[in-house]
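Database features, via TrEMBL:
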- 227-241: compositional bias 'Basic and acidic residues' (COMPBIAS)
- 1-183: domain 'Cytochrome b561' (DOMAIN)
- 198-241: region 'Disordered' (REGION)
- 6-35: transmembrane segment (TRANSMEM)
- 47-68: transmembrane segment (TRANSMEM)
- 88-109: transmembrane segment (TRANSMEM)
- 121-141: transmembrane segment (TRANSMEM)
- 161-182: transmembrane segment (TRANSMEM)
Amino acid sequence: MEDLKQFLVVLSAAAAGGVVFIFLHGMAIIVYRLPWTWQCSKLMMKFIHAGLNLLAFIFAVISLVAVFDFHNGAKIPNLYSLHSWLGLVVVILYGMQLVLGVGMFLIPVTPVSWRAALMPVHVYSGLLLFTSIIAVALMGITEKLIFGLNNPKYKDLPPEAIFVNILGVFLVVFGALVLWIVTRPSWKRPSEQTLHILHTSGGGEDSTKVGPAMSQLSVGTDAEASEDVRRRNNRLDDQTN
C-alpha cells in the first residue's frame, strides 16, 4: 500500500510537470497568433516566446529528475522502455531547439539571411517536438498505470485510471487546437507593415476590434498582391505573343 502511495505521488508529480511542459510549449507556439498580442512589438513577442519555452524546458527537466529519483530509490532500471528513450531524446532536442532559437532569432548580430533560411526548420521542428511530447506523455502515463496499478488493476478502471484517461484526452484536444491555430491563415500574425497601417489609421484604439480589422486588412493586402501578380503575368503574356 505504501509503495502504491509513493508510486501515485511520483506519477502525479511527473504528470503535472509534463502537463505544464506541454501547456507552456503549446502557448509558446501560438503566442504570435493570438489577436490580442498583435499590438505588441515583434521583439517583445520573441522574448515572450523564448521565455515560455524556457519555462517549459525547466518543467521537463524537473519531471525527468523526479522519475529518475523514483527509479533509483525503488531499484527500477532506467531507460529500458521506448517511452524513456523517446522522452530523453525529446527533452535533449527541445533544449537544442531552445538554444539555437535564442542564438538565431534573439541575437541582433545574426544575419537576416540565416534567419530566413532557418525559420522553416525552426517552425517544423517546434511542431514535431510538440506532437512528439504529447505522444511520449500518453505512452508514459499508460505505461505507469499498467505497471503500477495491481489492486485494482488498470483494466478495472479505478478512479486513478479514469482521471489519467481523461487527462490524456485533454492533452490530445489541446494539441489539436494548437495545430489548428498554427495551420489557419486567419490566425497568422499580420506583417509589421500591415500592423503599422492599422495603428496609424486608428485601429489600435479598441483592442476588441484588432483581430477582425487585422484579418480584413490582411485579406485586402493579399488580394491586392494577387491582382498585381495577375497583371504582371498578363503583361508578360502580351509581350511573348
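Yeah, the Cβs are placed from backbone N, Cα and C, and that goes for glycine too.
Only pairs six or more apart in sequence are counted, and the transmembrane segment (161-182) with the transmembrane segment (6-35) gives three or more Cβ pairs under 8 Å, enough to call it a contact. Residues 45, 48-49, 52-53, 55-57, 59-60, 62-63, 66-67, 70, 74, 94, 126-127, 129-130, 133-134, 137, 140-141, 144-145, 148, 160, 164, 167, 171, 174-175, 178, 181-182, 187-189, 210-211, 214 of the same chain lie 6 or more positions beyond the ends of the transmembrane segment (6-35) yet place their CB under 8 Å from a CB of it.
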